[in-house]
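Visitor: OK, TrEMBL features for this one:
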{"type": "DOMAIN", "residues": "25-323", "note": "domain 'Aminoacyl-transfer RNA synthetases class-II family profile'"}
{"type": "BINDING", "residues": "E83, G84, T85, R113, Q127, E131, R258, Y262, Y263", "note": "L-histidine binding site"}
Amino acid sequence: MAKTIQSIRGVHDVLPEQSIHWQYVESIFRDLMSDYGYKEIRMPILESTDLFIRSIGEVTDIVEKEMYTFTDRNGSKLTLRPEGTAGCVRAGIQHGLLYNQQQRLWYCGPMFRRERPQKGRYRQFHQFGVETFGMAGPDIDAELIALTARLWERLNLKEITLELNSIGNTTSRENYKESLVEYFNQHRELLDEDSQRRLTSNPMRILDSKNPSMQEMIGQAPNILDYLDEESSAHFEQLKALLDAMQIHYVINPRLVRGLDYYSNTVFEWTTTQLGSQGTVCGGGRYDKLVEHLGSRETPACGFGLGIERLLGLLEAQDVQPPQKAPHFYFIMRGEKAQIAGMQLTESLRDTVDGVKIICNCGGGSFKAQMKRADKSHAAYALILADTEVDSAHISIKPLQSRDEQKLIPQAELKEYIESLNLV
Ligand code: ATP
Ligand code: MG
């Protein structure tokens, strides 16, 4: 036999047992989005490499070392999207959805980053993303945070903390960066190679470093909140007041930054200690200058990305189970006539009883084998049809989850009987 082929490193299948959990979080997220008036946008997975270089920025882990990029047959450079914001903004500009309009958008799908695979960090992973456009005030920032808080609530999740910061507007950041560079220069010997490089290209990213030996020094760095100008300060204060009014608790974390110039003001992350070092489940913030940076007219924007694998990891850690969706019936057929009449009857039940879930036995098998499959399906009842019952137009119903008696009823009364069971 030839050697079998395995999936590639950091890229995983979602098996039927797990897909129940995926569908559960997806349906809760979809309903939540619809409740808040957000509309779905579906962007391509492949985009021009330039889009990500321009929007994520050259001096970032993603663009420097994590993108899956290849040259197409015609010579153009393409990349598998590492995140959704860039593509969403590109689509918004291309189709005229942004200028002078308000948009509340969401998407869901795979992202690709060539990172070192470990628990909660994969090369193909999935995100729910939300992006809003055309709203400059802290109200929409607060709405995004409130809807994520509601998502945890609907999923019954606990032990998840909101970390909040403001990186101010461009002017506030100019002054801050100056002090920051001065501080890091005084501690140059503690900076790792990446950080030394970023000292000139993108000093705020150094605050984001996960290098344990730099944490203490980073902890003493100047605090961005001391550098906010009046406008940025007001935005932040109003956001906090809105969160307070909605009773959403937060922890201010002045080290929470996004190092690129088109990010501004609000930055937030939802973190947990239950997922080891991959503890950020959701990260977001405001990016008022990105639309302009990508060549269109200035449009305020705010959004977040939420890692679905990490969300599922947290659900598992807290033992949150999706509601069971076992079938109502498993249809067992004994004999050739029963096989034909049974399939016919199953389809007519599907026509007449809205929402009924029936697994129809296929592939034959003895009565015993079919009963075994029925048990394995966790169906509430077995419907049993033998050739003799076809002749007398009856059918048997056997409860599988209780000790109640098996019943023989006329087929003509089956619909009514099923309705009386109140299963659907
Ligand atoms: P991290 O600091 O964990 O690398 P990030 O800042 O790179 O995260 P974002 O780009 O903000 O992450 O993406 C939003 C969310 O997507 C993260 O909070 C996380 O939940 C999830 N995520 C990011 N990278 C991965 C990955 N490689 N595997 C699984 N989930 C991921
Ligand atoms: Mg990362």
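Here the Cβ of each residue, glycine as well, is placed from N, Cα and C on the backbone.
Heads up, TrEMBL stuff is auto-annotated, nobody curated it.
Note that this is a predicted model, so its numbers are computed, not measured.
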Visitor: Translate the DSSP assignment of T85 (L-histidine binding site) into the three-state scheme.
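Guide: The residue in question, T85 (L-histidine binding site), is helix (DSSP, three-state).
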Visitor: Identify which of the following binding-site residues, namely T85, Q127, R258, Y263, place a Cβ less than 6 Å away from any atom of ligand 1, and list them by sequence position.
Guide: Q127
Visitor: How many other Cβ atoms sit within 10 Å of the Cβ of Y263 (L-histidine binding site)?
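Guide: So the Cβ neighbour count for Y263 (L-histidine binding site) comes to 21.
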Visitor: Across all chains shown, how many C-beta atoms besides its own are within 10 angstroms of the C-beta of E83 (L-histidine binding site)?
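Guide: So the Cβ neighbour count for E83 (L-histidine binding site) comes to 17.
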Visitor: Around the Cβ of R258 (L-histidine binding site), how many other Cβ atoms lie within 10 Å? Please give the count over every shown protein chain.
Guide: 21
Visitor: I'd like the number of other C-beta atoms within 10 A of the C-beta of Q127 (L-histidine binding site), please.
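Guide: So the number of other Cβ atoms within 10 Å of Q127 (L-histidine binding site) is 23.
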Visitor: In sequence order, which residues at least six apart in the same chain have a CB under 8 Å from the CB of T85 (L-histidine binding site)?
Guide: S55, G129, E131, Y287, L290, G303, G305
Visitor: Averaged over the domain 'Aminoacyl-transfer RNA synthetases class-II family profile' (25-323), what pLDDT does the prediction give?
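Guide: Value for the domain 'Aminoacyl-transfer RNA synthetases class-II family profile' (25-323), mean pLDDT as a whole number: 95.
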